[in-house]
Each structure stands twice: as structure tokens, then as C-alpha cells.
Amino acid sequence: MTTVDLPLLPLGRGADLNSERGVECPGDLPAASDPDLVARALAAKEALGDKVFVLGHHYQRDEVIQFADVTGDSFKLARDAAARPEAEFIVFCGVHFMAESADILTGPDQQVILPDLAAGCSMADMARLTQVEMAWEAMTAAGIADSVVPVTYMNSSADIKAFCGRNGGVVCTSSNAEVALEWAFEQKADVEGGAKVLFLPDQHLGRNTAVLKMGLTLDDCVVWDPHRPHGGLTAEQLRDAKMILWKGHCSVHGRFAPEVVDSLRAEIPGINILVHPECRHEVVLKADLVGSTEFIIKTIEAAPAGSAWAIGTELNLVQRLANAHPDKRIVFLDKTVCYCSTMNRIDLPHFVWAMESLAAGTVVNRIEVDPDTERWALVALERMLALPGKTEKD
Ligand code: SF4
């Protein structure tokens, strides 16, 4: 089930499901050293034929992405799966919230498989339903809930999307966050004092969009900290704010620092800084270009030979772009190596284990959202799909 109100813990294999939820691999997990893993994955895929459709997120390892039928960001992949109703099994090489979204958008006869259930997302885990409901109660007590529209980033659990669906809100991606915010502010434009947005769970995407795209100021934004009494805010601060940002962030994109931008500019004259809007505001302010993973890929594809780029997004994608474009100088915008640890949970042994299990008739690691959560999450997703303009990428 997906509505357990506790984070998935990336702790490896273990039998104690209270402390290491979902990391069991019934049956034999192949050894990483097995030289036949690639051949075994190919054989299982061939045996399953059209019954299986393999999705690979841009941040996945090369060893896994080579088996993907389609690559992309989370929303594109979920829609690709929905467009393949003949595929009984959707093997999602990505993280938990992505598999949930795929389950919500695919048909009832399709089963979504996550090869390692410990592939969670630290950002999604920073907004738990009980925490968000407590914040909503505090906003009700402060007399502002009627003017607040909740907006959640795609990178959130299904129950947070459902919360937004139930409360007149919407889901957004990193490419349509501006359109989603415009829509949200319009929903309560007539309320005395004006509309407010509760933005979940990534404070950086919320702040960057509000300030750099919507013309709001930093003073219009407050941060709700779920680990402090009353979110660390007074009722007056809540009443004065236009954007109530949830205190969540991506542990990968939050690492990029403005000092590294400065040192790279000094080191490589003419270098272009290209970052994802999940980066901190002070990093985005120093960048030349800001956009989603699809935007980053297209920008590099269109860049002239000989140009130099420092990219602030997940390292698997940056390395793949560097390998694909040897005529351009592409470097990572961080001094240390930093992959998304949960994305990297999906490795070749887990992929082979999941595929061979399916080929043998055993469905493993199915991600299934309960009907009520699915219904309301779909409401919020469909509101996003009805937004004008871009909704195809994040
Ligand atoms: S890169 Fe960040 S947002 Fe994406 S799965 Fe990893 S922790 Fe979550």
C-alpha cells in the first residue's frame, strides 16, 4: 500500500519490515558480480514480449537505462505507460512516487512494478500527509484556509496529491509550475486579502517560480517547517504571506552552491551555467539558464560544438550528456560526486530479479495506490492536464 504514513527507508535488505520497509526481495537476488546479468535481463525481456513495458527515468544508471523502452521524466513516463494498455506489466526504473503516478494514470489491468521498494525520494518523504493536515488545521485556525490553494510538485506521494485534489488544488511539474501558480491564484482571487498558495514539498521550486516568474518578492514567501510548533510561523505571518512554502528540498539539487558557480566561471571563461529549478534560489540567481530535465537535455542538444556547460542536476544525467556530446565541454556543477542515492537503488541485480520473477509468473514489488487516494490524486492531476500550455515535461 502507498498510504503508510512513514518514509521509505533506503537501508538495504532486511527482514524487519518495521525498520526496513519494503526492501525484501523474495527469491534470489542475483549477485552484482554475475557476468550473465545483461544476458539474463535480455532473455527475461524477450520472454515477456509486449506484456512488459520498461520505463527509465533520466536519473537512472546506464546499466539499467539500456533496457528502457522509453526514457523521460516522471510525468512523461507515466503518460507513456498509460498509452500502452497492452502492457500488463510496467516496470518503473525510477522512484516510488513515480511508480505511484504511473499506477494512477494506467488502466486497472496494468500492474506497476518498482524493482527495489527502497527506491524512495527524500524530497517526497519530507511532506507526510499527517504533517500537511496539521498545517492545514493551523491555517484554518488562523482564518486563512479559505484563501489557500494547495499546489504540489509531481515529486510527492500519492496521498499528498490526493490532499490537493480534495482541497481544490493541483499538481505541477517543474515546467508548468508558473502556469499552475497562476491558475491557483485565480481560484481564490475574490477572497478578501487575496489568494495564497501552499506549495508542497519543494520550497526551492516554489520560491524560484514565485519570485523569478511571477514577480512576487522574497518577503511574500514564508516557510512552513513541519518540525516546529505552528510551522515556526505566527498567525500574522501566515495572514501576510502569499506563498507558504513547505520546508522540503531535493537532497541532490540542494547541494549545488553559488561559490562553485563563481569558481567555474573563473576557471572556464565563457562557461554557461545550466541548472534545474529545484536548486537553491541563490544558485538559480547566478545561473544563465534554468529549466526542467527535458529543457536541460534539449539545451545541450542544441548547443554549438565547442561550447562549455556546467550542469546542476543529477550526475547520471550529466555524465550521459557529456558522453553523448564529446564536441562540447560538459562538467558537473559540484566539487564532489553526488548521485541520487535512491534512484541508484535500481541496479541490474534488482532489475533482473524483477524481470525474471515476472517471466516466471510471479508479480513482485507491485505499487498499488488505494482507490480513494487514487481518485483524489487523479482529480489534482487532471486539473494539471487542463492547464493551458506545457504539461508534458518536468
Ligand atoms: S533527485 Fe531529488 S527529487 Fe529526484 S528522486 Fe532523488 S531526491 Fe527525489
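Here the Cβ of each residue, glycine as well, is placed from N, Cα and C on the backbone.
Record features (TrEMBL):
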- His57, Ser74, Tyr153, Met154, Asn155, Ser174, His276, Pro277, Glu278, Thr293: iminosuccinate binding site (BINDING)
- Cys121, Cys250, Cys340: [4Fe-4S] cluster binding site (BINDING)
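Ligand 1 lies under 6 Å from the Cβ of the following binding-site residues, listed in sequence order from His57, Tyr153, Asn155, His276: Asn155. Counting in whole angstrom, Glu278 (iminosuccinate binding site) lies 7 from Cys250 ([4Fe-4S] cluster binding site) by their C-alpha atoms.
Of all the binding-site residues listed here (Tyr153, Cys340), the one with the fewest other CB atoms within 10 A of its own CB is Cys340. A 10 Å cutoff on Cβ-Cβ distances gives His276 (iminosuccinate binding site) a total of 29 other Cβ atoms nearby, all chains included.
Under the three-state DSSP scheme, His57 (iminosuccinate binding site) falls in the strand class. Among the binding-site residues listed here, namely His57, Tyr153, His276, His57 has its C-alpha nearest to that of Cys340 ([4Fe-4S] cluster binding site).
Between the C-alpha atoms of His276 (iminosuccinate binding site) and Cys250 ([4Fe-4S] cluster binding site), the distance comes to 11 Å. Here Asn155 (iminosuccinate binding site) is positioned 8 angstrom away from Cys121 ([4Fe-4S] cluster binding site), judged by their C-alpha atoms. When the alpha carbons of Asn155 (iminosuccinate binding site) and Cys250 ([4Fe-4S] cluster binding site) are compared, the span between them is 9 angstrom. When the Cα atoms are compared, Tyr153 (iminosuccinate binding site) and Cys250 ([4Fe-4S] cluster binding site) turn out to be 12 Å apart. Looking at the residues that bind iminosuccinate per the record, His57, Ser74, Tyr153, Met154, Asn155, Ser174, His276, Pro277, Glu278, Thr293, the two CA atoms farthest apart are separated by 18 Å.
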